[in-house]
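Trainee: Would you mind keeping the following structure in view while I ask a few things?
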Amino acid sequence: MKSSNNSLEFLPTTFILVGIPGLEEEHIWMSIPFSLMYIIIFLGNGTIIHVIRTDAALHQPMYLFLAMLALAEVGVSASTLPTVLGIFLFGTTEISFDACLLQMFSIHSFSIMESAVLLAMSVDRFVAIYSPLRYTAILTLPRIFGTGAVIGLKSIMLMAPLPMLLRRLPFCGHNVLSHSYCLHPNLIHLPCGDISINNIYGLFIVTSTFGLDSLLIVVSYGLILHTVLNIATKEGRKKALNTCGSHVCAVLAYYVPMIGLSMVHRFGHHVSPLLHAMMANAYLFFPPVVNPIVYSIKTKEIRRGIVRMLSEKRSRV
């Protein structure tokens, strides 16, 4: 605790997390769907990572990027799991200040990685359709792994200043959050000091990652569409577009809930807290639950890899 200009200013030792507003009495029942979602996330994404890692036929750019996407989604979900299940199963609503900042850093870092990997996957699809003969020469394994390393490093470096910027602010007793986990858009509303630097840097992160990534994804698909329309045969156009189907679903599953949550945080100051909670949960849970299902259904190579893995396990038994 510290005194400044005759006003009491301090960093809270703990934050208070909130489950589903208005449904506090039903939290033990709410733990069932959340637990099921975590099982689907870890089992589905873990299976995709394992199949791609062990199946040499899937050591191709498209599937290696998919493994990176699945890894980022597992990271986001693992970051939220302790507090979400802690609230719904055990009624644990407190989180220490430092643990909250660590969780915020982890959630947003993996989210930035997700966005960047989705961009890399759109570039991968463009190269595959625009220049199929040079595809493997352009997207070599060193370039793919180098891209993954750059994405991870960029995410960590961009997020590193945010916890430090929050620590310098006075909170003046405000420590109640709106979600079951720590998100920067929620934390930034609690301090009673000047948050202009935090807002500017937060806006820089959003525009330089999610904003730029989404713009470049749209440009990539514009170029893909232009290339596909120049393909002579109808069958060729259909085949080219089918290779993008799963990725388009993944992009929509990621960006639609994120845009919805951003709109609620920016303009929904008077909307129900329940809507805030539902939008935040959709943003964090919908993509990692849906993507493994979509890729398993729409990508025959992944389906074959899963079937092969299950057959091998059955034969051992």
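Residue numbers in this text run from 1 along the chain shown.
Cβ coordinates are placed from backbone N, Cα and C, and glycine is handled just like the others.
Sharing the record's features from TrEMBL:
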- 28-52: transmembrane segment (TRANSMEM)
- 44-295: domain 'G-protein coupled receptors family 1 profile' (DOMAIN)
- 64-90: transmembrane segment (TRANSMEM)
- 102-123: transmembrane segment (TRANSMEM)
- 135-160: transmembrane segment (TRANSMEM)
- 200-224: transmembrane segment (TRANSMEM)
- 245-268: transmembrane segment (TRANSMEM)
- 274-294: transmembrane segment (TRANSMEM)
Trainee: Can you find at least 3 Cβ pairs under 8 Å between the transmembrane segment (245-268) and the transmembrane segment (102-123), where each pair is 6 or more residues apart in sequence?
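Mentor: Yes, the stretches contact each other.
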Trainee: Which sequence-distant residues neighbour the transmembrane segment (64-90)? Criterion: at least 6 residues beyond either end, Cβ under 8 Å.
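Mentor: Hits for the transmembrane segment (64-90): 17-19, 27-28, 30-31, 34-35, 38, 41-42, 45-46, 48-49, 52-53, 103, 106-107, 109-111, 113-114, 117-118, 120-121, 124, 141, 144-145, 148, 151, 180-182, 250, 284-285, 287-288, 291-292, 295, 302.
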Trainee: Based on Cβ pairs under 8 Å, which of the stretches 28-52, 102-123, 135-160, 274-294 lies most in contact with the transmembrane segment (200-224)?
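Mentor: Top-ranked stretch among 28-52, 102-123, 135-160, 274-294: 102-123.
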Trainee: Check the domain 'G-protein coupled receptors family 1 profile' (44-295) for me and report the mean pLDDT.
Mentor: 88
